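K.L.:
Straight out of TrEMBL:
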- Cys60-Cys81: disulfide bond (DISULFID)
- Cys104-Cys141: disulfide bond (DISULFID)
- Cys183-Cys205: disulfide bond (DISULFID)
- Cys237-Cys264: disulfide bond (DISULFID)
- Cys277-Cys318: disulfide bond (DISULFID)
- 52-177: domain 'Corticotropin-releasing factor binding protein N-terminal' (DOMAIN)
- 185-307: domain 'Corticotropin-releasing factor binding protein C-terminal' (DOMAIN)
- 1-23: signal peptide (SIGNAL)
Amino acid sequence: MPSALRLQCHFVLIFLAALRGEARYLEVRDAGEDEPFLLLSEDLKRELSAGQIYRRSLRCIDMLSTEGQFTFTAEQPQLHCATFFIGDPEELITIDYDSVNIDCQGGDFLKVFDGWILKGEKFPSSLDHPLSTSQRYVDFCESGDIQRSIRSSQNVAMIFFRIHQPGNGFTVTVKKNANLFPCNVISQTPSGRFTMVIPHQHRNCSFSIIYPVVIKISDLILGHLNGLFLKKPSAGCTGMGDFVELLGGTGLDPSKMFPLADLCHSFHGSAQMKIGCDNTVLRMVSSGKHVNRVTFEYYQLDLQELENRKENSIEEFCFPSI
């Protein structure tokens, strides 16, 4: 199997496994076998001529990474559906309602969520998002024409919907906008390079990679000098005000993940860690007193090494090693 296809299949399996655990909200049986990662292909974007709008129908469970107009029409009652939207790290997502034909009084709903929810876990976490959880939902049945355009706070968003009557549905247009200072990000790929900058803002930002990876930090500026510390019960950077932490776990919410290492001071050089967890997060905590910046690159762990470590139990925790 080609490596690119293998990576896509790995990503799909992670998401479908997570979705199966959230029966309250989502129904996986309607998901197709050959998508939703078709739209993550750059070939599709190249095929679209300049100015052409991409259009297609939505499935009950779907994932989109490209701009376009998307329509869902129920062929039968659909009670647990969701569409996940993802952009590049430097993009925000805007969802415009073009037309909506649902029965709010009959129990239908159409809600946009600012971020992602999987198995009850949120990204960004409640600690890292500027809005409360309730404010992150925009319910069409409550807002109607008042708010027909919703913009995300990061490169991911999603919609939940329930439609009882066959023939009812909705059409949305998805657009992407530039984000000068990306904060919370989910990576589309298992490898890449990124620089996170927080310019005198009191906020926390997480970069999530839903793969076991090797992560290399090459440059860190925190405004106050040298150190990478493995987490110990009595150690940590929480008193520093500005720091970076590496987290690992199996879920989506960084606040529920296991802390693996703290970086408390600025440095120029290289700090590397192997993290064998399903999800790896680099999280920057900023007091707002400084311009904080971190540059890092990451790539997926060798599958053979990962399997060998799993045979010896992955609870080390996810074998962090420098």
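Cβ coordinates come from backbone N, Cα and C, glycine included.
What you see is a predicted model, and the numbers here were worked out from it, not measured in a lab.
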K.L.:
Which number gives the other C-beta atoms within 10 angstroms of the C-beta of Cys183 (disulfide bond), all protein chains shown included?
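P.N.:
24, counting other Cβ atoms within 10 Å of Cys183 (disulfide bond).
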K.L.:
Fill in the CA-CA distance, Cys318 (disulfide bond) to Cys237 (disulfide bond), as an integer in Å.
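P.N.:
One finds 21 Å between the Cα atoms of these residues.
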K.L.:
What are the helix, strand and coil residue counts for the domain 'Corticotropin-releasing factor binding protein N-terminal' (52-177) according to DSSP?
P.N.:
10 helix, 67 strand, 49 coil
K.L.:
Cα of Cys237 (disulfide bond) to Cα of Cys183 (disulfide bond): how many Å, rounded?
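P.N.:
Spelling it out, the Cα of Cys237 (disulfide bond) and the Cα of Cys183 (disulfide bond) are 20 Å apart.
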K.L.:
What is the separation, in Å, between the Cα atoms of Cys60 (disulfide bond) and Cys104 (disulfide bond)?
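P.N.:
Pair distance, Cα basis, whole Å: 18 Å.
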K.L.:
From the disulfide-bonded residues Cys81, Cys104, Cys141, Cys264, pick the residue whose C-alpha lies nearest to the C-alpha of Cys277 (disulfide bond).
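P.N.:
Spatially nearest to Cys277 (disulfide bond) by Cα position is Cys264.
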K.L.:
Among the disulfide-bonded residues listed here, Cys104, Cys205, Cys237, Cys264, Cys318, whose Cβ has the fewest other Cβ atoms inside 10 Å?
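P.N.:
Among the disulfide-bonded residues Cys104, Cys205, Cys237, Cys264, Cys318, the lowest count of other Cβ atoms within 10 Å belongs to Cys104.
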K.L.:
Pop the Cα-Cα gap between Cys264 (disulfide bond) and Cys141 (disulfide bond) into the table, whole Å please.
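P.N.:
Per the Cα atoms, Cys141 (disulfide bond) and Cys264 (disulfide bond) stand 46 Å apart.
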K.L.:
What count of other C-beta atoms do you get within 10 angstroms of the C-beta of Cys141 (disulfide bond), across all chains shown?
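P.N.:
Total other Cβ atoms inside 10 Å, all chains included: 15.
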K.L.:
10 Å Cβ neighbour count around Cys60 (disulfide bond)?
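P.N.:
A count of 23.
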K.L.:
Reported as an integer number of Å, what is the Cα distance between Cys81 (disulfide bond) and Cys104 (disulfide bond)?
P.N.:
16
